[in-house]
Amino acid sequence: MKFPGKRKSKHYFPVSARDPLLVASPVASESIESYIVGIDQILVDIEAQVDDELLERYKLSRGQSLVVDDDRAEALYEELKANDLISHQFAGGTIGNTLHNYSVLADDSSILLGVMSSNIRIGSYAYRYLCNTSSRTNLNYLQAVDGPIGRCFTLIGDNGERTFAISPGDMNQLRPESIPESVIAGASALVITSYLVRCKPGEPMPQAAMQAVNWAHKYQVPVVLTLGTKFVIADDPQWWRDFLREHVSVVAMNEEEAQTLTGLGDPLAAADKVLDWVDLVLCTAGPSGLYMAGYTEETYKRQTRHPLLPGVIPEFNRYEFSRAMLREHCQNPLRVYSHIAPYMGGPEKIMNTNGAGDGALSALLHDITANSYHRINVPNSSKHQRPCLTYSSLAQVCKYANRVSYQVLNQHSPRLTRGLPEREDSLEEAYWER
Ligand SMILES: Nc1ncnc2c1ncn2[C@@H]1O[C@H](COP(=O)(O)OP(=O)(O)O)[C@@H](O)[C@H]1O
Ligand SMILES: Nc1nc2c(ncn2[C@@H]2O[C@H](COP(=O)(O)O)[C@@H](O)[C@H]2O)c(=O)[nH]1
């Protein structure tokens with residue numbers, strides 16, 4: 001684990017002094033492992049530059065992810081190939097990306113659950129998937145299937161916006177018995193996506209996901225849900241609200257998904273509403289940056305040193321220097337919020353927006369796992385006098401998440417090839433004060 005106590009810099013983890021307990025602690029020898037586990041539809045992204053006319057012809061919805069039948073997928077593939085439009089092919093899938101990026105950022109393990117073709121030829125999609133996944137992401141628990149993994153046609157418009165057309169193959173054939181109880185039991189978090197319920201009748205993926213969620217509850221492992229696309233939520237927003245209330249601790253979404261879920265167009269108002277059901281919210285808002293909303297204990301709240309921000313909740317960021325807690329761990333829960341504008345105003349030229357939201361979530365997961373890693377290894381640390389969910393303050397997690405999104409916007413693949421630099425002037429407090 002690239003761990004706050006081992007960093008010289010305080011950029012991503014705002015500790016003003018090194019915790020003295022760490023010096024004599026087992027953290028120094030990396031004794032106890034921590035990892036996150038996730039379930040995904042195993043997909044390869046096939047990226048192509050297209051115009052709006054093609055999206056219309058294939059009845060795709062700009063900026064969204066839709067499943068297409070085999071005939072439409074084949075016609076699309078042939079057209080992209082015939083016109084030499086395919087520019088890149090990468091491993092994809094929203095959770096696969098998130099786990100890969102987490103492993104790259106944290107330099108630590110994640111475990112991916114899903115399916116993989118049992119017969120893999122060099123150069124095939126399955127082969128590409130394996131080659132493009134971090135060696136820190138454990139693929140040993142994947143379930144074998146006879147057919148192909150999924151394909152995600154990642155269609156990039158002139159402005160870099162991505163639209164997805166999914167050809168599922170066997171990606172939804174994960175069975176409940178392929179979810180290892182012990183793997184869920186030992187995880188710092190279970191990460192799932194709303195896409196997992198988008199299946200044909202009879203496909204086992206939703207039951208497999210539910211099995212994992214039930215084990216997560218049994219072992220008090222926080223469930224992290226990313227909302228994927230507004231269309232899945234729009235099918236039955238009340239079902240999702242109930243699901244969040246019953247099963248989820250942390251939710252990640254963009255502003256469109258947030259609106260579909262809550263009926264509220266303002267991302268801060270929507271994030272606040274979602275706090276009625278979960279403990280911590282990450283809401284990305286494209287060129288407007290991102291918001292976080294969570295709970296802290298009233299007596300532990302910490303006032304920001306940043307300017308107070310206007311919004312539907314006036315001066316909403318007043319206590320953004322607080323660390324997030326599970327609501328049930330607070331005697332007097334206080335809602336705390338933070339916002340950050342895109343890092344450096346956003347890249348000069350956005351390669352494409354594919355994976356920008358996944359990137360932000362992987363940074364949040366790094367912070368959450370760093371916290372449980374530190375708690376396991378240094379239980380007496382002053383950091384754990386109160387049971388926090390994150391290692392860092394909301395403000396600092398926002399900064400980190402935003403920085404990772406920026407990195408993803410600057411490249412084609414949704415997956416990071418390397419971690420962030422250890423030191424960056426632009427992440428210093430001084431930069432933001434300028
Ligand atoms: N056009 C943009 N300009 C600057 N930053 C952007 C832009 N689009 C996205 N970002 C950055 O990427 C993050 C995630 O983007 P977003 O598009 O909201 O996620 P998603 O991929 O889930 O829809 C944003 O919070 C922001 O930091
Ligand atoms: N598991 C699934 N992943 C999907 C699906 N449709 C798209 N995607 C993946 O999302 C990422 C990008 O996410 P972003 O929202 O942060 O841009 C991309 O790599 C796709 O593979 C789906 O139906 N299921």
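Backbone N, Cα and C atoms are what each Cβ position is placed from, and that goes for glycine too.
The model shown is predicted, which means the values in this text are computed figures rather than measured ones.
DSSP classifies Gly93 (GMP binding site) as coil under the three-state reduction. Per TrEMBL, GMP binding site is recorded for Gly93, Thr94, Ile95, Gly96, Asn97, Arg198.
Positions annotated as domain 'Carbohydrate kinase PfkB' by TrEMBL: 139-300.
If you look up TrEMBL, you'll see Thr284, Ala285, Gly286, Pro287, Ser288, Gly289, Gly357, Asn402 marked as ATP binding site. Within the same chain, residues at least 6 positions away in sequence whose Cβ sits under 8 Å from that of Gly286 (ATP binding site) are Asn254, Glu255, Thr353.
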Measuring Cβ to any atom of ligand 1 with a strict under-6 Å cutoff, which of the binding-site residues Arg198, Thr284, Gly286, Pro287, Asn402 qualify?
Thr284, Gly286, Pro287, Asn402
How many whole Å apart are the CA atoms of Gly357 (ATP binding site) and Thr94 (GMP binding site)?
9
Measuring Cα to Cα, tell me the gap between Gly93 (GMP binding site) and Thr284 (ATP binding site) in whole angstrom.
18
Name the one residue among Thr284, Pro287, Gly289 whose Cα is closest in three-dimensional space to that of Thr94 (GMP binding site); these are the binding-site residues.
Thr284
In chain order, residues whose C-beta lies under 8 angstroms from the C-beta of Gly96 (GMP binding site), counting only those at least six residues away in the same chain, are Gly38, Asp40, Ile42, Leu43, Leu112, Gly114, Tyr129, Thr133, Thr137
Suppose we screen the binding-site residues Gly93, Thr94, Asn97, Ala285, Gly357, Asn402 by Cβ distance to ligand 2 with a cut-off under 6 Å; which survive, in sequence order?
Gly93, Thr94, Asn97, Gly357
Can you name every residue in this chain, apart from Thr284, Ala285, Gly286, Pro287, Ser288, Gly289, Gly357, Asn402, with its Cβ inside 8 Å of the center of the Cβ atoms of the recorded ATP site?
Asn254, Glu255, Leu290, Pro342, Ala356, Ser405
